[in-house]
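Student: Here you go, one structure.
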C-alpha cells in the first residue's frame, strides 16, 4: 500500500512537472494533431453526417412503420379525399375514425418515450395529458362548431370507457395470465382518485338538478353561472391534486416510481428531441382529422341510422382511448397494476377534473354556453359508474372476474345509449 502511494506521488504533477517537459510537449502535440486529423478526416465526417441523416429515418420507421396498427394510417388521407370527392358523411366518418386510431396510439408511444427522459412523475403527467390530447382536440373543434352536446357526451363517454372498458379489459387480461395469484395495487392512490371522481360527479349533478327542478334564481342563467364557478373550483382542486401527487405526498406513489426508474435505460428507443418532434407532428395531424370528423358526425348519424348520443359516447371515446387501452392491458399483463390504474383511472380523473372544466372555461371565452349540465340520463350513468368502480377498487386487489364485471357493465351502458334519444337536439 505504501509503495503505491509513493508511486502515485512520484508521478504527480507537483513532484515531476511532466507536461512542462520538452519531450512531453512534443509527444502531446503530436497526439493532439493526430486526434484532430482523425476527427477532421473525410471518413469520420461522412460517418457523422450519415448518422445524422439515418437517425430521423430510424425514428420514422419506429414510429410510423414498425407498429402493426400503422396499417390504418392511410385511411386518414383517404377520408379527406372522400370528403371533397363524394361528400358521403358515413364513409368519411368511418375512415376518419380508422385514421385517428393509430395516431392516438402513437401519441401514447411518443409520450412514453419522452417520459423515459423526464422521470416517472413528470412522465406520468405527460402520459395522461397527451393520452387525452385526442379528446381535447375533438372537443375544441366541436365547441367551435357549437356542438355542445357532442362535447359533453364525448367527454362523458371517455370517462366511462376508461373506467369500465379499459380497466375491465386490463383486469380481465391480467387475471387470466396471472390466475395463480391475486394481483394487488396501491389502494391509497385508488382511493384518492375515487374521491376526485366523486367530486366531479358532484360538480355535474348540481347544475342538472338545479335546471330540471326549475329552482334557478335566474331562469336559464343560474345553471350556467354555477357551472362556470364549479369549473374554476375543479381546476383548483386538480392543480392541488397534482401538487399532492408529485410533491407533497410523493412517497404515496413510491413503488411505481422505483419500478419505472429501473427501466429507463433499457426501454427508450428514440431520443427526447425526436419524441417531442413526433408529438408535435402527430398532434397537428390529429387536429386536421378531428375537423373532418366533427363535420361528419351529424351526416353519419343520419346515413348510418345511429343516434348522435351513441356516436359521441361510445364510438368517439373508443378511438380516443386507443393509447390508454393498449398500455393498460400491457402493464396488467406484466403484473404492474399501479401503472394500469394510473393510466385508466388517472385518465378518467384528468378528463373529469381538468378537461371538462377547461372546456367550460374555453366555451366561456368563446361565448358558447358550455356548462356542466349533462342532463339527467348522462349524470345518472356517470354517478353509478363511479360508484361501481369505487367498490371494485376498495380492496386493493384485482382478478379476472372483476374485469369481466366491468366489461359487462360497459356493454349495458353502450346498449342504453343505443336506445337513448337526446332530448336537446336543438343544441
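Cβ atoms are placed via backbone N, Cα and C, with glycine included.
What TrEMBL shows for this protein is this:
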DOMAIN    91-246  domain 'Sodium/calcium exchanger membrane region'
DOMAIN    275-417  domain 'Sodium/calcium exchanger membrane region'
TRANSMEM  63-85  transmembrane segment
TRANSMEM  124-143  transmembrane segment
TRANSMEM  155-177  transmembrane segment
TRANSMEM  189-213  transmembrane segment
TRANSMEM  225-244  transmembrane segment
TRANSMEM  275-294  transmembrane segment
TRANSMEM  306-333  transmembrane segment
TRANSMEM  339-364  transmembrane segment
TRANSMEM  376-394  transmembrane segment
TRANSMEM  400-421  transmembrane segment
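Set these features in their place in the structure for me.
Tutor: Within the chain carrying the transmembrane segment (155-177), a Cβ under 8 angstroms from the stretch's Cβ atoms is held by residues 132, 135, 139, 183, 197, 312-314, 316-318, 320-321, 324-325, 328-329, 331-333, 335, 337, 340-341, 343-345, 347-348, 351-352, 355-356, 359, 374, 378, 381-382, 385-386, 388-389, 398-407, 409-410, 413, all 6 or more beyond its ends.
Non-local neighbours of the transmembrane segment (225-244) in the same chain are 125, 192, 196, 199-200, 203, 206-207, 210, 218, 349-350, 353-354, 356-358, 360-361, 364, 370-373; each lies 6+ residues outside the stretch with a CB under 8 Å from one of its CB atoms.
When Cβ-Cβ distances below 8 Å are used as the criterion, the transmembrane segment (306-333) is approached by residues 69, 93, 97, 100-102, 104-109, 111-112, 127, 131-132, 134-135, 138, 149-150, 153-154, 156-158, 160-162, 165-167, 169-171, 173-174, 177, 183, 293, 297-298, 300, 339-340, 343-344, 347, 378, 398, 413-414, 417-418, 420-422, 425 of the same chain, each at least six residues removed from its ends.
Beyond the transmembrane segment (376-394), the same-chain residues lying 6 or more positions past its ends with a Cβ under 8 Å from any Cβ of the stretch are 152-153, 156, 159-160, 163-164, 167, 187, 190-191, 194, 197-198, 200-201, 204-205, 208, 212, 313, 341, 345, 402, 405-406, 409, 413, 416, 420.
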Student: Let me check one thing: do the transmembrane segment (189-213) and the transmembrane segment (339-364) come into contact, meaning three or more Cβ pairs under 8 Å with sequence separation of at least 6?
Tutor: yes
